[in-house]
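Peer 1: Input: one structure, supplied below.
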């Protein structure tokens, strides 16, 4: 009788131990599931931070991470607990340049000629019109944006406007022509040009070039100009004519 009671007691103890282990496993199972990465959008997040900051956003009312809309589109239906964001293409003459969760698109604006702009590329659904200052003008910036254009100041002969990335982006900072070049006008856009090489044209140099003038060339078969000469008859045309008139 004592043996039977001991055996029953041990069986009960083992049974309780097994039930306890099962209970611990059952209690820990939901926690393991929460730690697994969520698949698909939208998904729940506790720290209000989404995995892809560029293409996802946190919807505070639902405590969900939802998809943003790609460039050229806008939100037509917001995400819900059962459905991700639905996007629609921007209407004509409107655009969105970046991934967004806007319910509208921005209006395309033409390049304003009154402000000195000229259009380089037109507005599309994913990019605003690209504007540039008209020739002879430079950009006046405000908060890193080109606000309007103003006329460039003239650079005098022998100089040219300093370029930045092959573009005049600020009011003229005139710099001297480099050696072997000239510029002979007062202009905001005129560029220094190389001096003419007379020998390349089968000519001979008569006067060297300067920063303000080009090289002077002549035909090698023509005699060089003498100082003070002014063309045919310059050697004494008036006296010669007087000699032909008979004296009275």
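Glycine residues also receive a Cβ, built from the backbone N, Cα and C atoms like all the rest.
Dumping what TrEMBL says about this protein:
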- 210-219: compositional bias 'Polar residues' (COMPBIAS)
- 50-65: disulfide bond (DISULFID)
- 66-79: disulfide bond (DISULFID)
- 69-87: disulfide bond (DISULFID)
- 90-105: disulfide bond (DISULFID)
- 177-192: disulfide bond (DISULFID)
- 49-87: domain 'TNFR-Cys' (DOMAIN)
- 89-131: domain 'TNFR-Cys' (DOMAIN)
- 176-217: domain 'TNFR-Cys' (DOMAIN)
- 204-238: region 'Disordered' (REGION)
- 49-87: repeat 'TNFR-Cys' (REPEAT)
- 89-131: repeat 'TNFR-Cys' (REPEAT)
- 176-217: repeat 'TNFR-Cys' (REPEAT)
- 1-27: signal peptide (SIGNAL)
Peer 1: Mind checking which residues of the chain, 6+ beyond the ends of the domain 'TNFR-Cys' (176-217), have their Cβ under 8 Å from one of its Cβ atoms?
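Peer 2: Beyond its ends, the domain 'TNFR-Cys' (176-217) has Cβ neighbours at 135-136, 151-161, 168, 224-225.
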Peer 1: What is the separation, in Å, between the Cα atoms of residue 90 (disulfide bond) and residue 177 (disulfide bond)?
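Peer 2: About 50 Å separates the two Cα atoms.
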Peer 1: List which of the disulfide-bonded residues 50, 87, 105, 177, 192 have their Cα within 10 Å of the Cα of residue 66 (disulfide bond), in sequence order.
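Peer 2: Cα filter at 10 Å returns 50.
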Peer 1: Find the average pLDDT over the repeat 'TNFR-Cys' (89-131) in the predicted model and report it.
Peer 2: 96
Peer 1: What is the interatomic distance between the Cα atoms of residue 87 (disulfide bond) and residue 79 (disulfide bond), given in whole Å?
Peer 2: 10
Peer 1: With DSSP as the yardstick, break the repeat 'TNFR-Cys' (89-131) down into helix, strand and coil residue counts.
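Peer 2: Within the repeat 'TNFR-Cys' (89-131) the tally stands at 3 helix, 15 strand, 25 coil.
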Peer 1: Identify which of the disulfide-bonded residues 69, 79, 105, 192 has its Cβ surrounded by the largest number of other Cβ atoms within 10 Å, counting every protein chain shown.
Peer 2: 69
Peer 1: What's the CA-CA gap between residue 69 (disulfide bond) and residue 192 (disulfide bond) in angstrom, rounded?
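Peer 2: With distance taken Cα to Cα, residue 192 (disulfide bond) is 50 Å from residue 69 (disulfide bond).
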Peer 1: Write out how many residues of the domain 'TNFR-Cys' (49-87) are helix, how many strand and how many coil, based on DSSP.
Peer 2: 0 helix, 16 strand, 23 coil
Peer 1: Expressed to the nearest Å, what is the distance separating residue 50 (disulfide bond) and residue 79 (disulfide bond) at their Cα atoms?
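Peer 2: One finds 15 Å between the Cα atoms of these residues.
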Peer 1: Taking the Cβ of residue 177 (disulfide bond) as reference, which residues of that chain separated by at least 6 in sequence fall under 8 Å from it?
Peer 2: 158, 159, 160, 183, 192, 211
Peer 1: At a 10 Å cut-off from the C-beta of residue 66 (disulfide bond), count the other C-beta atoms across all protein chains.
Peer 2: 21
Peer 1: At the level of the C-alpha atoms, what whole-angstrom distance separates residue 79 (disulfide bond) and residue 65 (disulfide bond)?
Peer 2: 9
